[in-house]
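If you look up TrEMBL, you'll see CYS29-CYS35, CYS351-CYS380, CYS432-CYS454 marked as disulfide bond. Among the features that TrEMBL reports, domain 'TIR' is placed at 648-801. Annotation comment: TrEMBL describes 597-619 as transmembrane segment.
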Amino acid sequence: MFFTLLFTLSFCEGQGSIVKVDRPSCDRCDHSFFCNCSFAGLTCVPVVTEQALSLDLSFNNITVVTAEDLRDHRRLAALNLCCNRLAVIHQSAFEPLWNLEDLNLSNNQLTALNHRWFHKLEALQVLNLLHNPYSCLGSPPAFQRLLNLRRLRFGGPALEELKRGDLAGITHLEELTVHANNLRRYESGALATIWPLGRVILSLHGPFLTNDDVASTMLGDVSYPETPMILRDLNLTWIQSVHNLRAAARRRIRHLSFQNLSLSDMATVEFLLVFDGVPLTHLSFEGVTLKGVGRWEKANKTEHKGIDEIFVRDVEVLDIYKFASLISCGFLLQYPRKVSIINAKVFVMPCFTSHLLKNLQYLDLSNNLLTDMTLAETLCDGDSPLKDLRVLNISGNALKSLSTTSRLVGKLLRLTHLDVSRNGYSSMPLGCSWPSSLRYLNMSGTRIASISPCLPAALEVLDLSNNDLKDFVLVLPTLRELHLSGNKLLRLPPGWLFPNLNTLTIQSNSLSMFGPSELRTYSRLQSLQAGWNKFVCTCDFVGLFQSGVKVGSVQLTDREDDYICDAPLRLQGALVARVRLPLVDCHPVRVVSASCVVALLATAALGTLLWHVHAFWYLRMMWAWLKAKHSSRQRRGPDQRGGAGVEDDFDAFVSYSDRDAGWVENFLVPELEQPRADDEAAVRARPMTLCLHKRDFLPGHWILDNIMSAMERSRRTIFVLSENFIRSDWCRYELDFSHFRLFDGVAGEPAILILLEPLNKDDIPRRFCKLRKLLSSTTYLEWPHGEEKVGEFWKALRTALRGEEEDGRN
């Protein structure tokens, strides 16, 4: 072990740079720069932000603090290294911590204290060195430079010696804790230099058993009339061990407490004799094991008039069936104004004893074994002499009847505070006889399912937490605080019931939401705590919460993290403060209205766009085309469907305006169907057959059927284009339909365009996109204005019409 320690020391001092390399980091720091790195499994001091003000490294496995570990933490005010395996601290490890105020090195493996650790810690106010295996405080004095130290805790199972001068430099303390259960040597005056001393806590198990000189001398050094003394881990079973307290009694101490104490009847009597006439004002016993039967009559003539408070908690009576209850100590209870006997298995305090408690103003019998019957005996069946009693705590007993309790305290005319919580009442009678002075009533944890006018109307504070209440409807005009947490309430109680209420606690119920209308019923409510309920996160509730619940003077005083959504399912478990609901959920009317307006505008815009691009025209023509196509297939035989077996009856279908009929009938038809004798080329060629709507359409048939039939029976199509053609409604209708047939028709048979007059492409409607495209990309024939070019025109037209036929002959 020695060589390991030596190696570690040399490693830390000579190889500090190596230790620094692999240090882990800890980023568990909050906005206040409090870094909690406890329970992190660390084996060395981690790297944390230089801005850290508090660093908690407790409950890790740190063994060494090197000179480099804390070099960058000059702002650190609190450092907790408790409960590690710390065995080595470099002598300059704490030098950079000029601002350190709180240092905890308890529960480690420090075998010696080094005064250089604290050389620069002049701002240190709290130092905890408890439970380390050092046997002495060392030399030179370790705390010599700690002039601002206010709380010092040192010692442990290994501490064996305290010498004069060990605490040199410390002039006064608010609290001194010394764990010296195994102390063997103590020099008188070692602790006497500390004055004033606010409170002293001593663990002196060993000295009280085996070394009376050490115990009495040490007590004498720290006993002052105004300094509360707490003695721990004592075994006062023999008279001699009690004599060690004489040193404290001689110093006239007024506040004496015992913790973890074993006590016999003989020692109890001797204790009362030792402090006979001593002006003790506060006497406390916590964690007491009584080994006797409670026969302390031998001390009943002692004088303890100065005792103002007796506090007893967690008592174990080894022979409880023989114990003489509180009768034998009645002489002691006649002086104090405040008596607490908590968790002591008290089942009755005889009425006789109550008559002795003439000065009692505060009585705490909580966590005992009182029943309705024994409480009746304790309070003299409603005629208790405790006329000055102001506070009564009988919580955590076995009481069953609330009406009995109210009757028994009804004549305590000065009673203002009553705590009957954690009893088994389960129901509330319709009427109760409370004292008119009662202002505070605690009935939490009593399994009450409903309330009644049994509750006193003059209450100012009422605690009904942790019951089974489902509603609360009772007028309490003077109530200022109401605590209803841990029930089954579905909504906030109506505020008009409590016109003076300023604090309402209703956490952990079944509230789904609350709104401004409910909060406005509370005229004076200032503090509301409603977290941990089953909130339905609606838009109104989320909006109210995220706005800070600004309704009158009401403020939520619990944490935001306590408000969690329970519904809807998609938000379950989410913090209300962070919920973002869709706009359509919160403002459906506005969203629908806006959507309708947008839809109307979009429809209008789309309609305008479709009209602009002639989409309606395309749809109409498509429907007409499909309908005509269907009719055409119905007329053709089964063997001709699909285009098979269809013969051309006409060489060309002519599409023209009626205003251009003169040109068609006088020029086009004669020229193509009846060629002149002087035109040799026309004479040699076969006469052409043209399809004209005036001549060849079947009467009585739908015009679209005639157009479809004519187009199918014609080999080519001739468009006679002019201003009349474009402006004619009928011609445009015919052209619209033929547009679908001709420009999406059979490849290799393009339309023949004849312009009777110059026609600009821009004069053609935009919906005839392919016709406009053809005028831009296809050669067309233009009717000449001069006679000399007419012949060439007809020749070109015949060639266009019979081009395919000529190719076939060749």
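Numbering starts at 1 and runs along the chain as displayed.
Note that Cβ sites are derived from N, Cα and C of the backbone, with glycine treated the same way.
What TrEMBL annotates, mapped onto the structure for a quick look.
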residue : record         : contacts (Cβ under 8 Å, 6+ apart)
CYS29   : disulfide bond : CYS35, ASN36, VAL48, THR49, ALA52
CYS351  : disulfide bond : GLU377, THR378, LEU379, CYS380, ASP381, SER384
CYS432  : disulfide bond : LEU402, SER403, SER406, ARG407, CYS454, LEU455, PRO456
(request) Specify the count of other C-beta atoms within 10 Å of the C-beta of CYS380 (disulfide bond). (result) 17
(message) Say we define neighbours as other CB atoms within 10 Å of the CB. Which of the disulfide-bonded residues CYS35, CYS454 has the fewest?
(response) CYS454
(request) Find the average pLDDT over the domain 'TIR' (648-801) in the predicted model and report it. (result) 74
